[in-house]
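*Asks:* Questions regarding the structure given below will be posed in turn.
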């Protein structure tokens, strides 16, 4: 059924100092579809992604997934983020004192997996990206591209239904950026997830099924 964004608006401030950052945003994303959000700085992209991830409340409107408000699927938004949504950020944000394997198993156990289940899932994911030999390595022992690949697999650890990526290649060179986005797309397609990524890099547009342009808080095209 996919994800339906319905009339999402977001206003910051009060009374005379109000600023409307998002204005009646409407679009849909099908299961297995990978879209890119694009627009100038200040167009509302990150605000929208933050609302979709349950990190910020909208002023009005709703986000519907499988016929039900996304924000009512769990008792609180923390459970939503842990179980249904995988986040990938500009920086990998790996925990410096945790080994690669533990970066993933920690997330799995927080979602209710047993240690055995979490280890098996983590090893499966890390093998997919060719890091099975680095399970006991620390983040500083990996390249920037390897760290971001671990961050992607961490986002997929709990079988999320929705993957949200905010400029995940901003700190990578062109070849690494393409490799990372191709990996994100491949996982979204293979697992029929919903993928939404923000990027300014037009060379990455070819990986998207569709580009959604934002301009001044509104959808310019979808």
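Quick reminder: no glycine exception, Cβ is built from N, Cα and C everywhere.
According to Swiss-Prot, the protein carries these features:
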- 3-222: domain 'ABC transporter' (DOMAIN)
- 39, 40, 41, 42, 43, 44, 45, 46: ATP binding site (BINDING)
*Asks:* Centre the Cβ atoms of 39, 40, 41, 42, 43, 44, 45, 46, go out 8 Å, and tell me which other residues of that chain have a Cβ in range of the ATP site.
*Replies:* 214
*Asks:* Going along the chain, which residues six or more apart from residue 39 (ATP binding site) have their CB under 8 A from its CB?
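*Replies:* Same-chain residues close to residue 39 (ATP binding site) (Cβ under 8 Å, separated by 6 or more) are 45, 213, 214, 215, 220.
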*Asks:* Identify, among the binding-site residues 40, 44, 46, the residue whose Cβ has the fewest other Cβ atoms within 10 Å in this structure.
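*Replies:* Output over binding-site residues 40, 44, 46: least Cβ neighbours within 10 Å is 40.
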*Asks:* Check each residue in the chain of residue 41 (ATP binding site) that is at least six apart in sequence and keep those whose C-beta is under 8 Å from its C-beta; list them in sequence order.
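*Replies:* Set apart from residue 41 (ATP binding site) by at least 6 residues yet with Cβ under 8 Å, there are none.
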